[in-house]
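Some features that TrEMBL has for this protein:
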TRANSMEM  B:24-48  transmembrane segment
TRANSMEM  B:83-103  transmembrane segment
TRANSMEM  B:115-135  transmembrane segment
TRANSMEM  B:141-161  transmembrane segment
TRANSMEM  B:173-195  transmembrane segment
TRANSMEM  B:215-235  transmembrane segment
TRANSMEM  B:262-291  transmembrane segment
TRANSMEM  B:303-323  transmembrane segment
TRANSMEM  B:330-350  transmembrane segment
Amino acid sequence: MSRTIRHRAKRRPAGLLIAAALLLTTVGCGQAAGSPAAAGPPSTPDVVEPLSPPPVPQLPATTASADGRQVTVASAERIVPLNGSLAELVFSLGLGPRVVARDVSTTFQQAAALPVITQAHEVSAEGVLSLHPTVVLADRSTGPAEAVEQIRAAGVPLLVLDDAKQLADIGPRIDTVAAALGVPAAGAQLKARTDERLQQARGDLGPAAGRPKVAFLYLRGSASVFLLGGAASGAGSLIEAAGGEDAGTAAGLTGDFTPLTSEALVKAAPDAILVMSKGLESVGGVDGLLKLPGVAQTPAGLDRRIVSVADGKLLSYGPRTPEVLRSIAAQLYAGTGEGAR
Amino acid sequence: MTATTAVEPGTAAPSAAPPRRSRAALLTTGLAVALVLSALLAAGVGAYRIPTGDILASAGHRLGLGGHPLGRVPESVLWNVRLPRVVLALLVGASLGCAGALMQGMFGNPLAEPGVIGVSSGGAVGAVGCIVLGLDSLGSWTVTVFAFATGLLTVFAVYAMSRSGGRTEVVTLVLTGVAVNAFCGALIGVFLFTADSAAINQVTFWQLGSLSQATWGKVLGVLPFALVGLVVAPLHARKLDLLALGERPARHLGVDVERMRLVLITVVALLTAAAVAVSGIIGFVGLVVPHLLRMAAGPGHRFLLPGSALGGALVLVAGDLAARTLAQPAELPLGVLTALIGSPFFFWLLRRTRTKQGGWA
Amino acid sequence: MRPRTRQIPERPSLGEELLSAKAVRLTLGGRELLSGADVSVRSGEVLALLGPNGAGKSTLLSVLAGDLPPAAGTVLLRGRPLASYGTAELALHRALLPQSSALSFPFEVGEVVRMGRAPWAGTAAAAQDGPAVAEAMAATDCARFAGRPFTALSGGERARVALARVLAQRTPLLLLDEPTAALDLRHQELVLRVARERAAAGDAVVVVLHDLSLAAAYADRVVLLADGATVADGPVAGVLRGPLLSEVYGHPVEVLAHPRTGSPLVLPVRG
């Protein structure tokens with residue numbers, strides 16, 4: 001109740017803030033894009049680069065939702081993307097000013113002032129509806145199903161997309177979202193831009209001298225177990241694009257994350273370890289990570305070959321993925337003289 | 001002793017079993033031998049295969065008895081990954097077993113376990129808070145230190161709140177513990193509500209209990225508390241026996257019940273908080289190990305306290321070996337494993353005791 | 001304080017006043033339980049504490065045992081204020097048999113009786129642990145179930161084991177709270193005979209009883225309590241009189257002489 005009131009009161013200044021932030025970041029990004037990503041932990045600002053000028057939606061438009069329905073969007077005035085990946089996509093299309101809420105996984109600066117409506121993937125239907133959205137975007141993994149149904153039952157069009165799991169998903173996702181919001185041309189433009197940057201990032205890799213084995217570790221706090229990413233973690237595609245081999249998949253893990261014994265990690269012998277930056281922070285940085293039993297004994301630990309990417313960016317598979325790939329490659333090959341450049 | 005054995009023939013108790021004292025000595029020896037064997041086995045087996053010959057060579061080399069060091073990685077796996085884990089399992093198991101026996105003796109109730117006075121849930125609040133808020137002021141020690149501190153703090157809060165007029169009633173203590181446990185559960189809920197999914201994952205695994213992050217540092221961290229507890233506890237064995245008569249009779253026999261309770265609650269808190277801090281929540285051991293031993297060799301605490309420490313260590317060393325090898329390369333949660341295997345076994349024993357002796361007591 | 005607990009107290013000389021309580025008052029939970037109770041006991045005598053339900057017999061026993069500090073009045077143990085004794089030291093001077101005995105864990109009977117020797121651990125008297133336990137068990141007729149778990153015993157057996165534990169403590173002052181309540185006729189007699197024997201050996205025994213005839217038969221002296229205060233204190237023949245008992249118990253009571261022994265028989269007037 002009080003939440004709704006607070007959000008209403010905030011909305012207008014928030015919109016202004018975003019507009020200002022957009023102006024600032026377009027300038028800032030232009031510079032950052034040209035310079036090569038620095039090795040080591042990413043220091044680039046967490047921002048999205050929107051298309052300019054912002055497109056004007058041509059609605060209504062009807063799109064096939066991934067859950068088999070046809071969803072007709074009549075207005076894109078108030079958009080609610082239910083996760084960070086979708087928010088990144090909408091903002092990149094230049095429709096950021098029309099977004100009225102974000103979830104916890106949406107971490108980039110332009111969206112920072114928006115009210116948060118979900119916690120850890122748990123959507124509250126009432127929270128979403130209280131913002132009077134004209135269209136809601138969700139992934140298949142967004143839940144609970146009851147909330148999705150309730151939002152639809154309230155007459156709000158809700159488009160479901162397949163979960164983003166690999167580089168190849170980026171294009172179709174841009175197309176679907178752009179079509180649903182009535183900006184197909186902007187979608188094509190964004191897709192082309194993203195493709196081009198992805199090619200560039202791959203091209204910069206150069207001929208790889210061997211495939212480093214990369215273990216994707218999901219960490220938070222040091223008093224717990226390792227969760228090693230497997231085939232379904234979503235990081236495999238990035239690791240391969242960066243010229244590496246996913247250690248979890250190589251070890252035969254088919255699920256997303258598996259609690260692993262320290263010795264099994266040593267046995268898997270990864271050449272590098274990929275982590276999310278908050279997770280790395282939570283174990284006390286690279287030094288803390290190397291103190292965890294089993295890490296120091298891997299080739300990655302012996303060489304201190306640790307790759308860290310911001311939590312919100314790593315698995316979002318969207319317009320910013322080329323940047324992520326570039327950062328991974330830079331960290332992966334830093335100091336080895338192979339790969340990058 | 002003369003009186004206990006001066007049983008008139010013919011009217012003696014029906015059991016033909018050996019007297020409790022020799023059975024206790026036998027059991028203690030058996031437990032110690034089993035512990036040594038299982039620790040050796042645990043040191044020899046793991047996901048990273050190291051041949052027994054190499055292990056012996058490496059051990060011999062370190063002890064200055066010949067042999068040779070292994071390659072850099074296997075040497076490090078053996079001495080920095082596997083061994084600290086075995087030793088930590090031993091210490092944590094001994095701590096939990098001993099703390100459980102102390103709690104049951106102190107409360108005169110076979111249902112008491114350290115969790116009753118809030119040490120586990122208090123520790124969980126610290127650990128979960130740390131994980132969720134992403135605190136890292138103490139590096140890789142943050143979660144451990146916080147869990148230990150909040151565990152201790154909670155126990156003393158429970159004790160202070162249930163004390164009035166210089167005395168603590170057991171029922172008040174238990175009820176205060178219930179309330180504080182509920183409050184801690186709610187705090188954990190609040191943390192989880194604000195957590196992202198990575199944090200929730202870690203919290204879940206922390207709560208399931210695991211020794212996967214064992215290091216020599218953690219062994220050294222737990223060691224002083226385990227040692228203090230394991231040394232101080234048996235000093236109170238005789239007094240704990242007297243407490244079985246009730247608080248008033250124990251006082252009449254010269255036991256300063258209130259002081260003993262304060263000392264023993266501190267010991268339990270130290271033992272359990274240290275164990276919880278490095279391993280998460282591993283239930284079952286503290287509750288059931290003392291039971292089994294009491295069934296086997298009687299309730300005398302001079303046997304029960306060290307016996308439960310040995311038994312707890314044995315259960316945890318064996319349990320952790322299973323946790324890290326049964327589902328290779330995946331790690332099974334130790335707390336879940338001990339309860340999953342232990343509970344049905346306990347239930348079976350319970351049934352058997354009831355049919356054989358007609359009752360629990 | 002510590003060294004004192006290890007000092008073995010001297011045996012009292014026969015007739016020495018071991019324990020005396022004067023003008024003891026105690027209020028618990030807003031209710032006045034004792035309002036001027038006086039009692040004293042000498043070595044070599046059995047003192048029966050009598051009175052109707054709620055007269056404060058058990059409360060007074062708790063005060064004498066050092067469990068409850070009185071709000072007013074003085075309690076002296078061997079001439080020293082009771083409150084100045086430490087828990088461990090007190091255990092060398094007095095033993096108390098509670099009304100009911102429970103045990104949280106299934107210790108064997110022999111182990112339970114041996115618990116009575118705990119206060120003496122570390123003193124020279126520990127050498128007598130074995131004989132003390134054996135003697136106490138023999139005196140209470142418990143030796144034949146020494147190896148059975150206490151929790152498997154009947155109520156009467158438990159009561160005797162509890163008494164054996166108290167006897168094994170071998171203190172010069174014995175406080176017995178209704179020791180005959182759970183016992184059959186034979187064992188009632190046995191328990192009071194034991195009390196007499198201890199008195200004869202120089203101990204002081206205070207025993208709370210409901211059976212006035214038993215008290216008449218075994219006590220040297222009787223203290224009669226009513227509403228938390230001592231109303232009579234003296235030899236059996238002086239206190240156990242019909243009119244006084246009728247008033248205190250609120251029921252007509254007659255006292256007859258046993259046709260053969262001449263000892264007083266206290267009977268409620270019936271029909």
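Cβ atoms are placed via backbone N, Cα and C, with glycine included.
Automatic prediction, not curation, is the source of TrEMBL annotations.
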Query raised in the report: What parts of the chain pack near the transmembrane segment (B:303-323), using Cβ distances under 8 Å and only residues at least 6 beyond its ends?
Result: 24, 27-28, 31-32, 34-35, 38-39, 41-42, 45, 85-86, 89-98, 100-102, 105, 210-211, 230, 233-234, 237, 240, 282, 285-286, 289-290, 292-294, 297, 331-334, 337-338, 341-342
Query - Contact ranking winner - B:24-48, B:115-135, B:173-195, B:215-235, B:330-350 against the transmembrane segment (B:83-103), Cβ under 8 Å - result: B:215-235
Query raised in the report: Looking at B:24-48, B:215-235, B:262-291, which one has the highest count of Cβ pairs under 8 angstroms to the transmembrane segment (B:115-135)?
Result: B:262-291
**Report entry** Range from B:173-195, B:215-235, B:262-291, B:330-350 with most C-beta pairs under 8 A to the transmembrane segment (B:141-161)
**Finding:** B:262-291
Report task. May I ask for the residues of the chain that lie six or more residues beyond the transmembrane segment (B:262-291) and have a Cβ under 8 Å from a Cβ within it? Result -> 88, 91-93, 95-104, 106, 110-111, 113-115, 117, 119-120, 122-124, 127, 143-145, 147-148, 151-152, 155-156, 159, 205-211, 213-214, 218, 221-222, 225-226, 228-230, 232-233, 236, 240, 304, 308, 311-312, 315-316, 334-335, 338-339, 342-343, 346
Query raised in the report: Hey, which bits of the same chain come close to the transmembrane segment (B:173-195), Cβ under 8 Å, at least six residues off its ends?
Result: 107, 112, 115-118, 121-122, 124-125, 128-129, 131-133, 154, 157-159, 161-162, 203
